[in-house]
Amino acid sequence: MPWSGYAPEHGRTKTRPGRRKPCLPHTEGHRLACPIPLFYNEPRVPGLFRRADRSACFLRGEGSLEERTNKKETGIFSTQELSDSPREECGVFGIYDFSGEEQVALTIYYGLLALQHRGQESCGIAVSDTDGPKGAVRSRRGMGLVNENFNAESLEGLKGNIGVGHVRYSTAGQSTIENAQPLVLNYIKGTLALAHNGNLVNAPELKRELARTGAIFQTTIDSEIIAYHVARARVDTTSVEEAVSRAMDKLKGAYSLVIMSPRKLIGARDPFGFRPLCIGKRGKAYILASETCALDAIGAEYVRDVEPGEIVTISPRFGIHSDRSHCIRSSKTARCVFEYIYFGRPDSEIDHVSVYNSRILAGKYLAMDSPVDADLVIGVPESGNIAALGFSMASGIPYGQGFYKNSYIGRTFIKPRQHARESAVQVKLNPLRPAVEGKRIVMVDDSIVRGTTSDRIVRMLRDAGATEVHMRVSSPPFLYPCYFGTDIPDREQLIAFGRDVEEIRSIIGADSLAYLSIDRLAELTGGLPICNGCFTGRYPVQPPTEDIRGSYDK
Ligand code: SF4
């Protein structure tokens, strides 16, 4: 099953001491016969472990993020590191224009721009022409943001009326071009392009099973395992949707999939519905997207959400055809509640529940359950702002802006030097002194994961003249890792693990600290069943017994 659509870097000439050297030249043709798998020669620097190391330092009491950063040599600093919120893994988008007149690449580009908040490490678009030769797929992938990788010229080259797109943040598999999506797979029945959001909990076991039968992997992501299973099942099924259904029999965990076959666009959501997926329509084109904000961005109307466990097949012959054979009882579904608290864009609706309203509610519950006398409520931009507004509505304390956020520094900037007085956090976020000076402040944030920035932000407010800083968090404390497509890490790295609220308050230096109560979570989604595993340790799916986030890279 040769892959197409991208060119993995074989034939590396440099290996680190102690590594097995690849057979050179490790060419595409040679690779198939070579006994050394591709991943022996991949760099072993998954971001997961780098992040883990940092947290370990913090929890050993070796200083704040900024202090640790200043101890390092000057280098490139990721602005993502300035946020202590968890990160989503991916966003997916697909479109099929039945009229055959529209070049869909530009629409996918706009859809991906709307989903950029779900992943900023890599992106890609794959398109095909349903009237052209079967299996002719044009694709382009790259590291970084959508608008850094695509321009009018590159989109012009992606001709076709059906296509899929993807934005990625890596939680399983390294952040490399090989792992960027959509994956494009050539096999005996044609070509598949696949975009995936989520994590499989049984990926290592499925991978071993495939490897035993001779599969050679080009990436270190579990999405490739899904693609392989669909392709294998397609060999002895009558349709690609049947092959997807057969593959879903084996998959465990979180997945929202958008798959392009030569003549069909397919969307599938795991039976628990961890990650969102919705359907839209614009003229004669049907769209699949992670969030409704992407439909708004391209002027499409919302049709409905793909139900947990549902497979939808979009084709001119049947319109939207649904297979619900994998759906489970609605009361057993388990949407990720953090999509509403933080991941989703506030202008999106997920399963008919407004993300904005969920955040307003979270703020209101905080104000009701953990009131405090104060003069001003502010949010930690941007993710804390809406819950802060909700807190203000319920408490009657005025809401205002307490920080200026620098939106122009991009994804990375040069790290402050050793002994430098510049603050990495303050480069991005600066308190508005006239707004906070002499005031008792309630500061609302969406979460505290490792506690790497909260102390600095509290200190910045005090330095700007705030007389009191009361922190309110619009989620419960993270006590357990997530295995379903986010980077919430192992327990040892979570600030709330083994500490009570008073101890955390003391670490971050706030006058008071309160979290959203676990009992309130279900109310945020209007009673829709949710996953709250990272807060309770009770997961809807049995957690993996192996490391699913780093093991592929070894
Ligand atoms: S464990 Fe937490 S972050 Fe992960 S899917 Fe469940 S609620 Fe979402």
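Using the three backbone atoms N, Cα and C, a Cβ is placed for every residue, glycine included.
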Candidate from Ser383, Ser392, Ser506 that TrEMBL assigns to the same Mg(2+) site as Asp445, Asp446: Ser383
1-22, 67-88 - the range that TrEMBL marks as region 'Disordered': 1-22
[4Fe-4S] cluster binding, same site as Cys336, Cys531, Cys534 - TrEMBL member from Cys123, Cys278, Cys482: Cys482
Long-range Cβ environment of Cys90 (active site, nucleophile), under 8 Å and at least 6 residues apart: Arg118, Gly119, His166, Val167, Arg168, Tyr169, Gln181, Ala195, His196, Asn197, Gly198, Ser290, Gly485
